[in-house]
């Protein structure tokens with residue numbers, strides 16, 4: 001369920017505790033703690049209010065939005081060398097999003113990013129920055145390094161990777177990378193590239209970035225370029241017709257019955273429908289947005305795996321929660337997963353997760369972005385139980401979702417039938433593609449940023465399941481059905497009542513695991529959700545209604561500005577910066593109409609105006625701006 005972090009899944013906490021973690025994922029099973037290798041969180045964020053007070057920044061308004069953004073980077077850090085990442089775009093709100101990567105001695109600094117948001121008026125709106133500003137090493141030092149095979153072996157040994165390298169050879173490519181041939185144990189050929197990284201102490205290290213996809217983990221390992229036994233940091237990309245299905249909005253079998261839907265796609269979001277990619281029409285669970293199949297052995301092959309085929313396009317199969325074993329309802333499981341993932345794709349598209357923003361599609365139809373990256377949807381995946389995960393590589397490479405069987409009930413329960421799990425997993429793809437730009441899915445790798453990656457998944461899953469008669473007093477537990485526990489898999493259920501959920505910003509001071517941190521973030525977003533619903537009402541339909549580009553109700557408005565905030569925030573943001581990005585997203589979308597509702601929601605949970613981030617001692621605040629008192 002990580003998009004970019006440890007290859008753990010949905011369940012990482014025992015049911016009623018917040019401090020203890022239950023490790024999961026392949027590397028954890030091999031005794032390797034990837035949390036110890038997280039990249040440092042070094043980003044700053046200058047919100048739109050601060051920009052408005054800086055005349056030097058406001059004067060930058062000549063040329064295209066990319067030109068204006070480039071001038072800002074040069075003005076902010078004149079001595080820096082950098083490149084424009086080729087994934088800039090103008091979103092549906094009119095903001096231009098431009099991403100830069102710092103370079104030193106011709107090499108990328110892999111965790112030194114600068115993102116600039118440019119307003120419709122051609123002026124700087126806000127920006128984030130994690131560029132290195134220390135002493136630049138001599139270019140001659142870039143020639144003093146180990147060979148790439150030594151680096152691959154260093155990563156293999158340190159992380160206990162199941163990759164055999166005895167016959168490995170390295171071949172240089174025209175992209176400045178080395179591709180390894182003769183290895184076994186990885187899903188694709190490993191690669192290595194010489195890059196710098198900024199370490200936790202602020203110094204610079206020359207490293208080999210070794211990429212290995214081993215299924216449960218898809219790793220970028222930063223191996224010291226001189227000492228191959230030293231791994232500085234690690235990023236993990238994994239985080240894990242008619243259709244008879246539980247309808248969208250029904251979270252699990254306890255909430256409703258299955259129904260038959262005809263042609264349920266939204267053509268503006270899926271112009272080829274769900275069962276075509278524009279080149280070929282399919283009679284199975286395959287199309288432009290995803291390909292769903294059974295994967296009982298947990299292997300890496302998917303194209304030739306079993307999926308239901310219906311020449312008359314009737315994907316209607318028997319299922320009830322009492323059926324056992326799970327293989328007796330494989331067709332229904334695959335169909336439900338295919339339906340849920342595609343429906344969410346279409347909803348996110350209407351909210352702004354489009355081709356140019358890095359969404360998951362085979363064909364982008366000349367709408368920008370990189371294609372050939374539908375989501376591989378594995379139902380009843382045999383590589384694990386009681387969990388799920390999602391791997392998010394950069395734009396142009398397929399995402400991968402693994403859905404497991406949950407064994408905490410008799411008979412076992414299939415995670416594909418709990419929509420909240422599917423939504424949570426897919427949201428890792430959303431947040432990783434939007435934060436830092438589609439080509440950089442390494443921007444949710446810190447404890448707080450990774451925690452928010454988990455929290456966004458819970459937030460969207462909860463927002464989608466809201467019912468007509470729900471109020472701000474409604475309480476929802478995460479994955480209660482699959483886990484066979486009314487309290488779900490989080491330390492607390494989502495509630496606006498402190499007696500039910502007491503979490504605040506300073507709770508994070510006692511937490512060291514991303515799912516626990518994510519529960520705090522999702523709790524704050526649940527407060528935001530209800531503040532906006534109380535102000536604007538709630539649309540109980542499956543998609544938003546827009547007026548001048550703004551959702552007319554509070555539920556979809558909250559989902560929209562949270563999504564837009566991901567586009568605006570810096571790489572590896574903390575809670576304070578992500579809060580500011582949501583405020584800025586509302587200002588860009590509505591002119592700041594909901595400023596006080598947003599501030600009040602965050603301040604209730606100690607993320608008010610005086611909140612301060614310090615990774616060891618966060619300061620909470622329940623203060624709001626004077627105009628919101």
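Cβ from N, Cα, C; glycine included.
Record features, source Swiss-Prot:
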- 1-19: signal peptide (SIGNAL)
- 281: N-linked glycosylation site (CARBOHYD)
- 331: N-linked glycosylation site (CARBOHYD)
- 424, 428: Zn(2+) binding site (BINDING)
- 425: active site (ACT_SITE)
- 469: N-linked glycosylation site (CARBOHYD)
- 617: N-linked glycosylation site (CARBOHYD)
Quick one: of the glycosylation sites 281, 331, 469, 617, which has its CA closest to the CA of the residue listed as 'active site'?
-> 331
Cα of residue 617 (N-linked glycosylation site) to Cα of residue 428 (Zn(2+) binding site): how many Å, rounded?
-> 27
Sort the glycosylation sites 281, 331, 469 by C-alpha distance from residue 428 (Zn(2+) binding site) and give me just the closest.
-> 331
Residue pair residue 281 (N-linked glycosylation site), residue 331 (N-linked glycosylation site) - Cα distance, angstrom, rounded = 20
Return one of helix, strand or coil for residue 281 (N-linked glycosylation site), based on DSSP.
-> strand
